[in-house]
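Here the structure comes first, spelled out in structure tokens, and everything after it is commentary.
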Amino acid sequence: MKRLAKWRLFSLFAMMALILSACSGKPYLSTLKPAGEVAQTQFDLMVLSTVIMVGVIAVVTVIFFIVVFKFRRKDDRIPKQVEGSHKLEIIWTVIPILLLLILAVPTVSATFKLADVGPMEKKNEEGKTDALVVNVRANLYWWEFEYPNQEIITGQELVVPTDEKVYFNLIASDVKHSFWIPAVGGKLDTNTDNVNKFWLKFDSEKAAEADNYFYGKCAELCGPSHALMDFKVKAVPRDEFDQWATAMAEVKEPKKAETDLAQAGQEVFNNSCIGCHAVTPANTAPEAARLAPNLTNFGDRDRIAGILDHTEEDLKDWLRDPETFKPGNKMTGTYGELSEEELDALTEYLMGLKVMEQ
Amino acid sequence: MSTLAQKKGFGAVLWDYLTTVDHKKIAILYLIAGGFFFLLGGLEAMFIRIQLAVPNNDFVSAGLYNEILTMHGTTMIFLAAMPLIFAFMNAVMPLQIGARDVAFPFLNSLGFWLFFFGGVFLNLSWFLGGAPDAGWTSYASLSIASEGHGIDFYALGLQISGAGTLIGGINFLVTIINMRAPGMTYMRMPMFTWATFVTSALILFAFPALTVGLFLLIFDRMFGSNFFDPAMGGNTIIWEHFFWIFGHPEVYILVLPAFGIFSEIFAIFSRKRLFGYSSMVFATVLIGFLGFMVWAHHMFTTGMGPIANAIFAVATMAIAVPTGIKIFNWLFTMWGGSITFTTPMLWAIAFIPSFVAGGVTGVMLASAAQDYQYHDSYFVVAHFHYVIVGGVVFALFAGAHLYWPKMFGTMLNEFLGKITFVLFFIGFHLTFFIQHFLGLWGMPRRIFTYLPGQGFETSNMVSTVGAFFMAAAVIILLINIVITSVKNEKVGNDPWGDGRTLEWAIPSPPPFYNFKQLPLIRGLDAYWLEKMEGKKGMSPAEPLGDIHMPNNSFIPFVISFGLFVAAFGAMYRAEHSWGIPVLIVGMLITLGSMFVRSVKDDHGYHIHKEDLEDTNDKGVKA
């Protein structure tokens, strides 16, 4: 009997593993390919609860099929009218309570573990934290990532070091959004009222499997382009992150364009774009003045507006008419019509905004 | 219909329904209006699935999609599921307790017309500048920011129809407390009546939270207050609490009557009394009670902190226990029974695995730490459709087939009914099962499109194909209704042959006074007890006497219409000069008709003993 139970449990796990590996989604996006401690904790809970629940379903299914096949009407007799059974009723009250306790204990412990943001509160003499902190500000329909310790700001593409806890302050500047990197950990809302805090950890091996890019999503309905409010997460080793942060911090003045075309583009940019888009990473401007994504390292990024491929053609399409790509965005109509020459120049300039030598 | 049964013209029938206070006719009104909104919500669901069938689709635009998804949810919950449940409560509950009508027939009519005008108002938004677009939850920051009048339609429309629901709930409570037939103790009430009772109590306590939330929203949007503006000292999280303090019990308001309908079906078609009746009653009450303790599990990612999250997680898990008790009691009702697979029974049997699947994912969602992954993803969409379609909609289909003969005096075609069942059952699982995985793979809910290359393509196409199966099933049901109504083959008191409760002891449809003499109730499953002792019907508990009946009234219609007019005034007040006058005129219509109702004595009328004696033979024949 014991062996049988063991065998059944084993086969159950084997089946679960098979099902989960057969359809577990993309490594850069799926919660079933956990790429960090938070997602792993949540994945383990999923497996535990799924096993319990499959057990419950199995019991119900067995009784269900016995009933449906054995007690079909065969003659016109009136069956015995049974009032109930105290013994049975106690069994199916107590066993579910025990099963729920098995799930409740790890749930509560994980809930507290995932909410532990102690290290981001501990400041050293300089007023900085030892842990890496990122302030996330969600906007219609773009993301701003501010690194208060490094005193730099970037947008749309979050850069983080792997294998260490990264702490997040989350807020929204217009309506409520929700910050979600499915492969790395569950979401937390960006409220308009208050700052929410949590941490995530990015696993280096899993990051390599996902080509170092994870997909981030807005998970709270926020308007027409809610579906398109994606961001990307670049997870790199700590020293590479430090290089990036240093290179960013070194940009004190807007980068000078090198070619003639790019210089023309910079002029267009200074006339039409700079009112909203900054090209220096310093976090000196107040939040209310930061109306659009910071473009300091635009040329290094993987996507345009979080959704389009990072090519010159896509950039020109986006600049011609952002409305067709992100309905309801705040960029449409804030600058005049751009001629094809201006578009060429602007594209050349923007694509040259890089901080990393490659 | 006794002496009054004469062929009436269309106008007379219409006037009869506009003024009726008879619970059976109001049930039919709820069924028609709820059915209409169900088709509307279903059409919106089809648009959603067509848009999501392939990536980067442009079947509908982004803004329009948000309007459709908002109206799909709002319509299905408030204007389809609830009214359809009210239809069965109205049609069956007074019969089950041996009453001649509900406690306040006038209010019953008022409740319907308020719901109806609220629903019409809400849907007029499609033609007047755009529907609400902030989701059925209408979270405050987005609903305040939303341009146009969509959210105004939402807030005002739901306020009006919500008042109707609240009135209906109070009416049912009073009816069940006061109007049970002699011998019908609480612990002899049929399970559906118990479900109605607990549901009405939930309505009584849950709807005021929505009413308050909607009033704050109305003030913020139309009258310049700042309850939900953080910059002005307001707070958007308050809306989430108000909404879910209402919204979670609302789930049980929908599903408890569904449980009630299934409890009746399992007993009837297994020819067995409900297994563990008293624990079923206990479980129903406990679910209703716990339903108020768990609202914040919808807000695990709002940032309430680990203490609140842990408490609400454990409280939510606790609900699985009484629900489990019910599932096993149903299974053991069938155990040892003599099961016949009629259409209602097929729905009931299919309900068990479908609802258990929705229930177990509910426990997974209750576990706060993992919910951070599920929340606002397609996993949640799959979960609540398993609960609401697999639980509530299955029950509505089952109830429609079960009670159709009692409401209309003729049976729906069993063959077509089974085709509807098979198509819908396949379509339902095809549509929603795969959505669990879409959510786990990282697809957020409420997105109007998705980019290719994320692994969502095939599964979304599968889901859309499933939706078409469900649509086909509903169309066949409509054909079934038309065919049945045209044929109109009359049936007797107990068309299923195994009826157990009082409603099956009287003609189908029942005479307008229901019971000539109030029946004497001698136990649970009163009619079954009499049948087993070889009797034809119930023993009367009183001598034949005059019956006091209420008069029809047009006033409920006018009261509701006044609020409908006033809502337009409130909404356009800021931009049109006629806003304020229209608001005042609307309120005057409502208050004036209430005044007329108050000062004009309406004592009703009596059906005389002699007239009842005349119909004696007819009653037996029917």
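Each residue's number is its place along the chain shown, starting with 1.
Each Cβ is built from the backbone N, Cα and C atoms, and glycine gets one as well.
Annotated in TrEMBL:
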{"type": "DOMAIN", "residues": "A:23-118", "note": "domain 'Cytochrome oxidase subunit II transmembrane region profile'"}
{"type": "DOMAIN", "residues": "A:129-247", "note": "domain 'Cytochrome oxidase subunit II copper A binding'"}
{"type": "DOMAIN", "residues": "A:260-354", "note": "domain 'Cytochrome c'"}
{"type": "TRANSMEM", "residues": "A:45-69", "note": "transmembrane segment"}
{"type": "TRANSMEM", "residues": "A:90-112", "note": "transmembrane segment"}
Which numbers of helix, strand and coil residues does DSSP report for the domain 'Cytochrome oxidase subunit II transmembrane region profile' (A:23-118)?
64 helix, 1 strand, 31 coil
Mind tallying the domain 'Cytochrome c' (A:260-354) by DSSP state, helix then strand then coil?
44 helix, 4 strand, 47 coil
Using a Cβ-Cβ cut-off of under 8 Å, list the residues of the same chain that are 6+ residues beyond the ends of the transmembrane segment (A:90-112) and lie near it.
41-42, 44-45, 48-49, 52, 55-56
Over the domain 'Cytochrome oxidase subunit II copper A binding' (A:129-247), what is the model's average pLDDT?
94
Quick one: DSSP breakdown of the domain 'Cytochrome oxidase subunit II copper A binding' (A:129-247) into helix, strand and coil?
21 helix, 61 strand, 37 coil
